[in-house]
């Protein structure tokens, strides 16, 4: 009984499936993915080459990244995502053209997954993190290839990725300071909520919101009057966290409302001598190899879990072991509790997703136009729902991933459903076992430190926690795709 109680305390089932509030910008990634995916797929449909849709989808999915980053930072981030996507795809296609040994392919897929996980976490790339990259490279490994056919497959992926970069940057033409404004409004609202609790809030959300706003303003490019005005408002939010008794939450919320949109930013006095009391000057990130060092346990865990999941799927005779591999790769979070929660969400979402796939198959099989439109609708649904809870987004992601396999030709639905269910269960069980076998205590200490940030700020007037990147989810390691 003590063992059961200990496990239930460590891996609590309550709340894992609870729906949260939608993101303030839930519609932005949802619309972006439609604009990024739609034209390339419709072009292929017109040309009668839907068999290439897997490759254009790989490039189009780059549009999922960096929606909360200022446009100067977003341009760089999306460029790196495009390079990472194309690099992983090229390696996978080359390996697939050189060998058909399933064990070798799974091993390469696991190594790629570990590299992608470590690099995404070290660079704090943000959601959807490594999972989309791993899905693309793993699926490509199990797609028959020839060396002379690789350029013809990389070209549509690169073209779609370039289009996705343009889609991601296009909103900046209308609202060049949109991300910084949203981050500042979030900091002001979080500070107001903290003040309303009389400084007793210990969740860490208020301090994280202020640091996120600081990070957004630091990466916003060249100085401007708008940026300076936003910085003064963030100063006010930070002072409110340090001295909640002296702050007016109603005024903070009024400023937050005024910051949104394209209206003039409220002009508040410069807090000379007090600005930035809760922050330290931003230090440049260390060399990449130094940032990768602490992530070694996470990389080992990812490689081990993905490899074992793929091998187990092969042992069961499943035709698409990369589904088990990707399931394992999607689980790994900062600690075992979060990993367990992600596993539950993944399994529930995938099981419901295959039921949705079964319902959609008769419609999708009426023709190629219906197939493309179903995939577009599921892409929109996945991005619109993922912020509420990972499992809810997975309900749309799963049938979308299954339909993508049919671009080259319709397949028997029963077999696809069976393979997806088995691979999901195998990947989740083996992935969780790897998380238990390779713990990451360093990340656990980081999470505990961030949870105490508001109390530290109120007590000392300083915030020494690292500045987080902008994010759409609650965790930068959070993956939202197959």
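Glycine is treated like the rest: Cβ placed from N, Cα and C.
Automatic prediction, not curation, is the source of TrEMBL annotations.
Range annotated as transmembrane segment by TrEMBL, chosen from 331-348, 421-438, 439-456: 421-438. Looking at the stretches 59-77, 78-96, 97-115, the one that TrEMBL records under the feature transmembrane segment is 78-96.
The feature transmembrane segment, as given by TrEMBL for the ranges 153-174, 175-196, 197-218, sits at 153-174.
Among the residue ranges 310-329, 390-409, the one that TrEMBL annotates as transmembrane segment is 390-409. Residues 458-482 are the range that TrEMBL records as region 'Disordered', among 358-382, 458-482. Same-chain neighbours of the transmembrane segment (390-409): 17, 19, 50-51, 53-54, 57, 135, 320, 342, 344-346, 348-350, 352-354, 356-357, 360, 364, 371, 374-375, 378-379, 381-383, 416-417, 420, 478, 480-482, counting only residues six or more beyond its ends whose CB sits under 8 Å from a CB of the stretch.
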